[in-house]
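Let me begin by presenting the structure, written as structure tokens, before commenting on it.
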Amino acid sequence: MKHYEVEILDAKTREKLCFLDKVEPHATIAEIKNLFTKTHPQWYPAHQSLCLDPKGKSLKDEDVLQKLPVGTTATLYFRDLGAQISWVTVFLTEYAGPLFIYLLFYFRVPFIYSHKYDFTSSRHTVVHLACICHSFHYIKRLLETLFVHRFSHGTMPLRNIFKNCTYYWGFAAWMTYYINHPLYTPPTYGAQQVKLALAIFVICQLGNFSIHMALRDLRPAGSKTRKIPYPSKNPFTWLFLLVSCPNYTYEVGSWIGFAIMTQCLPVALFSLVGFTQVTIWAKGKHRSYLKEFRDYPPLRMPIIPFLL
């Protein structure tokens, strides 16, 4: 069996960082990263991005050396991804913050509103309902992070957690300040508007959870296997007939329902910003599906049926 020689160069300076002799042909990129770490312990595998081209796309950990377009002397280019943090830690931090912040305003702890309103309760039913819905949403997200989601990548750059938390925590503080404000006024169309919005919120939350469970079942524990998601007997999964990322569709629908329920401008803006971001993610995932699976259903759109 022919062995490979692997040289690893710095993607920026082209300086030779490492030379690996007698590498097995069936060695994966993950195994090469581990060999590289032995000579450069400051760069543990999660720190490393290995590419075939200095400005190219990072190779996947599961890529096999002999299946790459390289000769028996392979040149790989290294980029330092920087300090990393696990996705689970990121999500738990992102989601615990809004839950805690919202409740601070809901219970009107001192120094938030006027002193005379400390620890008082709103007289409007929709305020209490909004707190229940908001808390349910983030408790659901926390539990899904712990028990449902299976991540294809174990870590992400540490710097991202500051950006993500600023987004989630900042918007949570902005919307809860107004919803729980002593001068807050209920929606224009009263109970009818609140009931309709609550129905939208609940349906979309159930749909979002159903899609997360369906996606979880596609990937066995510890695997990075990718399959085409299809509808099941669960009616909430039938949206897979029309869109590639129905979990994002339901997510946006939940926040639209919450915005209608509270009739609060910061919630509407949060929904709009969130929709913009998940649309970018959905389009990327949709393109990935089309590239990877030749038999991918042609009628599907990224996030909105027939439109987007």
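Counting starts with 1 at the first residue shown.
Every residue gets a Cβ built from N, Cα and C, even glycine.
Summarising the annotation, TrEMBL assigns domain 'TECR-like N-terminal' to 5-80.
Annotation source TrEMBL lists transmembrane segment at 85-107 (among others).
The annotation domain '3-oxo-5-alpha-steroid 4-dehydrogenase C-terminal' is assigned in TrEMBL to 155-308. Confidence in the domain '3-oxo-5-alpha-steroid 4-dehydrogenase C-terminal' (155-308), given as mean pLDDT, stands at 94.
Per TrEMBL, the feature transmembrane segment maps to 166-184 (among others).
For 196-215 (among others), the entry in TrEMBL reads transmembrane segment. With a cut-off of 8 Å between Cβ atoms, the residues of this chain six or more beyond the transmembrane segment (196-215) that come close are 129, 133, 136-137, 140, 144, 148-149, 187, 229, 232, 234, 236-237, 239-240, 246-247, 249-251, 253-254, 256-261.
Residues or ranges marked as transmembrane segment in TrEMBL: 235-250 (among others). Counting same-chain residues at least six beyond the ends of the transmembrane segment (235-250), those with a Cβ under 8 angstroms from any Cβ of the stretch are 204-208, 210-212, 214-215, 229, 278-279, 281-282, 285-286, 289, 297, 299-306.
Sequence annotations record features per position, and here TrEMBL assigns transmembrane segment to 256-282 (among others). Beyond the ends of the transmembrane segment (256-282), by six or more residues, the same chain brings 126, 129-130, 133-134, 137, 167, 171, 174-175, 177-179, 186-188, 193-194, 196-201, 204, 243-245, 248, 302-303, 308 to within a C-beta distance below 8 angstroms of the stretch.
Under DSSP, residues within the domain 'TECR-like N-terminal' (5-80) fall into helix, strand and coil as 17 helix, 28 strand, 31 coil.
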